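Quick look at what Swiss-Prot annotates:
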COMPBIAS  18-31  compositional bias 'Basic residues'
CROSSLNK  LYS39  SUMO2 cross-link
CROSSLNK  LYS224  SUMO2 cross-link
CROSSLNK  LYS226  SUMO2 cross-link
CROSSLNK  LYS286  SUMO2 cross-link
CROSSLNK  LYS294  SUMO1 cross-link
CROSSLNK  LYS366  SUMO2 cross-link
CROSSLNK  LYS386  SUMO2 cross-link
CROSSLNK  LYS393  SUMO2 cross-link
CROSSLNK  LYS399  SUMO2 cross-link
MOD_RES   SER13  phosphoserine
MOD_RES   LYS136  N6-acetyllysine
MOD_RES   HIS245  tele-methylhistidine
MOD_RES   LYS286  N6-acetyllysine
MOD_RES   LYS294  N6-acetyllysine
MOD_RES   SER304  phosphoserine
MOD_RES   LYS366  N6-acetyllysine
MOD_RES   LYS373  N6-acetyllysine
REGION    1-37  region 'Disordered'
Amino acid sequence: MSHRKFSAPRHGSLGFLPRKRSSRHRGKVKSFPKDDPSKPVHLTAFLGYKAGMTHIVREVDRPGSKVNKKEVVEAVTIVETPPMVVVGIVGYVETPRGLRTFKTVFAEHISDECKRRFYKNWHKSKKKAFTKYCKKWQDDAGKRQLDKDFSSMKKYCQVIRVLAHTQMRLLPLRQKKAHLMEIQVNGGTVAEKLDWARERLEQQVPVSQVFGQDEMIDVIGVTKGKGYKGVTSRWHTKKLPRKTHRGLRKVACIGAWHPARVAFSVARAGQKGYHHRTEINKKIYKIGQGYLIKDGKLIKNNASTDYDLSDKSINPLGGFVHYGEVTNDFVMLKGCVVGTKKRVLTLRKSLLVQTKRRALEKIDLKFIDTTSKFGHGRFQTVEEKKAFMGPLKKDRIAKEEGA
């Protein structure tokens, strides 16, 4: 900032340095919520996949506010959350230098989509992962060893986490390799946590057992990648005057002569996006149920409300752009979340005790928009579109060919 007439704050935060590509694709939970033994045993996190955005209409319940009892339109994000499968239990002991892994126990049967996570190239591999380990569950000596492991975990461990993976075959994605993560089990005693986890080995855990309606959660993920960007785009520094020699989307002064180095705090060109970020306080507007078969019929009606009784699913006409159809359970979050469509997101219970009125507000949805997100959508359902458009030429041609 040499020879400037007025002082000015620096551009861009130094709190997110180094701005480089994230080493991991899946958002990492760096701290779980504090354990409270008085609460029932529960999981503290879940994995989901970003499908896309839409908007909703709801009535605000905020007495004293100007918008109280008025309708508001708000943007929401749909995150598809198929049930996760528990495949292991990890026990931790507390040491003066933090937590240390004490024992890890895997389930007897582990699906191929989970085993793929342990291989670089599944196609060329012998696919032998866990073949020796699973025999522990079958012979007497192995069973005795497992019982011994569980009893020692009950005796020595302070923290219990479960290993759970997503079910990629239920999603409209090409990826076959499941995402695997450790999820901390909170509530109850250590013995109760272990019994809870042992009962759920190889079982599916739905998102409705982890989060509740109107809950505030945190979303952890990796942002959209933008590639190598110049200093103006990356740090939002001021453009130089038009007549500037050798370019104007630059930083004019990158430091003093001495020290004869460029300081780390000076804005420079480089990687933008694909950074690991944690966004706190995202409100759950709805936990929706996936498609289900009832009395031999496929029920898709998961976007109706008490005010909008039309039979429609959460999917917009033509599906979510660059994603497809959401057929499993989903979580509707207020506002936007990090990452591109199809990006895996880690949903975590809030670390804070929520006391604000906005956080505790009850959400009553009046309407969920399901118009096409590709262009200017006009119709909420296929039936509505057919009724408006009338018989189409392509329908007549198809009918003639069929006849």
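Glycine is no exception: its Cβ is also placed from the backbone N, Cα and C atoms.
For the modified residues SER13, SER304, the ranking by surrounding Cβ atoms (within 10 Å, all protein chains) places SER304 first. In the three-state DSSP scheme, LYS286 (SUMO2 cross-link) falls into the strand class. Separation of the C-alpha atoms of SER304 (phosphoserine) and LYS366 (SUMO2 cross-link): 9 Å, rounded to the nearest whole number. Each of the recorded positions LYS373, LYS386 was ranked by the number of other C-beta atoms within 10 Å, and first place falls to LYS373. The DSSP secondary structure for LYS399 (SUMO2 cross-link) is helix. If you measure from the Cα atom of LYS224 (SUMO2 cross-link) to that of SER13 (phosphoserine), you get 18 Å. In this structure the C-alpha atoms belonging to LYS366 (SUMO2 cross-link) and LYS286 (SUMO2 cross-link) are separated by 12 Å. Counting every protein chain shown, the Cβ of LYS286 (SUMO2 cross-link) has 20 other Cβ atoms within 10 Å.
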